[in-house]
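According to TrEMBL, the protein has these features:
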DOMAIN    107-294  domain 'Malic enzyme N-terminal'
BINDING   ARG183, ASN444, ASN488  (S)-malate binding site
ACT_SITE  LYS201  active site, proton acceptor
BINDING   GLU279, ASP280, ASP303  divalent metal cation binding site
DOMAIN    304-557  domain 'Malic enzyme NAD-binding'
Amino acid sequence: MKNCGDLVDNKSAIVGGVGDMYSEDSATLDQPITPWTISVASGYSLMRDPRYNKGLAFTEKERDAHYLRGLLPPIVLSQELQEKKMMNLIRQYEVPLHRYMAMIGLQETNERLFYKLLIDNVEELLPVVYTPTVGEACQKYGSIFRHSQGLYISLKEKGKILETLKNWPERTVQVIVVTDGERILGLGDLGCQGMGIPVGKLALYTALGGVRPSLCLPITIDVGTNNEKLLNDEFYIGLRQKRATGEEYDELLQEFMYAVKQNYGEKVLIQAKPDFQFEDFANHNAFELLARYSSSHLVFNDDIQGTAAVVLAGLLSALRLLGGTLADHKFLFLGAGEAGTGIADLIALEISEQNGKPIEENRKNIWLVDSKGLIISSRKESLQDFKKPWAHEHEPITGLINAVKAIKPTILIGTSGVGKQFTKEVVEDMASFNKTPLIMALSNPTSQAECTAEEAYTWSEGRAIFASGSPFDPFEYEGKTFVPGQANNAYIFPGFGLGVIMAGSIRVHNGMLLAASKALASQVTEEHYEKGMIYPPLTNIRKISANIAAKVAAKAYELGLASHLPQPEDLVESAEKCMYSPVYRSYL
């Protein structure tokens, strides 16, 4: 029986990858292969192809067979020793951005070694290649830019986007992450320099979810920027114009979406699905885009859906410490943008799944605060559409502390993008009427977190359960060590994407998001709870991703959305076998 949508068989799948277009992993680990389909006159070209370069790990026989003799020093190193050497080098850099540049440099020269480092040292390197360091990298992307790692589609390509897509060297693509750079993390409009986000996320699709690198395509849509600093920066790499809006913007997006479907559409329908991840579009565009294209494309917004799924997983896990069900708790959000309302929506949906009541009724215990205060019915006329479902009957309240005093939530969630909003008074108030308050300071990067782990634990006298968007170190309070949870989307989207690909799902359904959340929550053990953790350690992320992928795929089959038939008997085993392996291959 074949796995991963009949793309790889049982024998080949152990070395990983869905849709092996190069036949590189259609061999077993001990079966030699030739890393090209045409003869090569010089090994010099081989060493400069990051997909196949092994550096000093080329064996004596490989050096003779592929014209490498004399092009390398005489020593032959193992991949393990190369990994040790590279980690020693990275650890010598004290500046996070320098570590990021070292990792990106490795990715551009030796792809398998890059992924082996990232997989084997995920807790140490995840903050380097992703949040929070990727935020600084995007801010300085023009200055540190060396090689293009994706596709840049600007207003100059309007009318010829399909032709532009065909310039990408890979003919089979299963995961696309696309941004227009208007809202990068908590850093605002970074225009074309937002490319660091798709590049970083796709590295995690491979390292954490096992999706083959060649099947991943990062794209930046450049319609200009309203960031005056960038427009005046001589090193800025994007269009030097104000951001296009309205009809001009919509027409470019529509052409892009249909060009992608035309270029990969038939293959998608038959073999696998590209996962369009609307990443870091401003929220007035993200909601509209998700609604517009979710019925015609396989679209996934990580800011809205991925964040919601990982936060819901933390909440489901935390119930073991808090007691009761979700319906027994009262939620207060600081921030009512795409992240806040997306999380709130998924919470209400899960409560409805549990108690069978209409979602409108289950929204009543979920309150949101935006820049103008508590979202209430009397403000409904002036609210954006996505905020209106959260407008409840209440007297007007301004300021978070006043909302906390009035609503008395058991769970406080920050998605404001503004740091230091969970003040000492707010946390102390939460602790005054909750034995165990749950405080989630989710805004990124670290500088924008609503409060730190130390503040949450200290101000609550060690009673709070704390989770954040960016990582915080363990903190000791009165002899007890607390390990802060990180509500990192990287827990969800790599495994979610793998599950979608495995099943050949034709659409993303909310039921699949709920399945992913429950799968993640189920990975938290009693040992983790004793440390105050509501998420499992990232060291087990590939096992976690395999379990998430299996549950997502199972739900796709259950909903009739899967196109890869028949359904494998053991979806966890199938997911593990599908995962890309970065171990060097023998080129003989």
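Yeah, the Cβs are placed from backbone N, Cα and C, and that goes for glycine too.
The structure displayed is predicted, hence computed values, not measured ones.
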- Item | Winner by Cβ contact number (other Cβ atoms within 10 Å) across the binding-site residues ASN444, ASN488 | ASN488
- Query: In angstrom units, rounded to an integer, how far apart are the Cα atoms of ASP303 (divalent metal cation binding site) and LYS201 (active site, proton acceptor)?
  - Reply: 12
- Item | Distance in Å spanning the most remote Cα pair of ARG183, ASN444, ASN488, given for (S)-malate | 18
- Item | Least Cβ-crowded entry, counting other Cβ within 10 Å, from the recorded positions listed as ARG183, LYS201 | ARG183
- ASN488 ((S)-malate binding site) and the residue listed as 'active site, proton acceptor', distance between Cα atoms, whole Å: 12
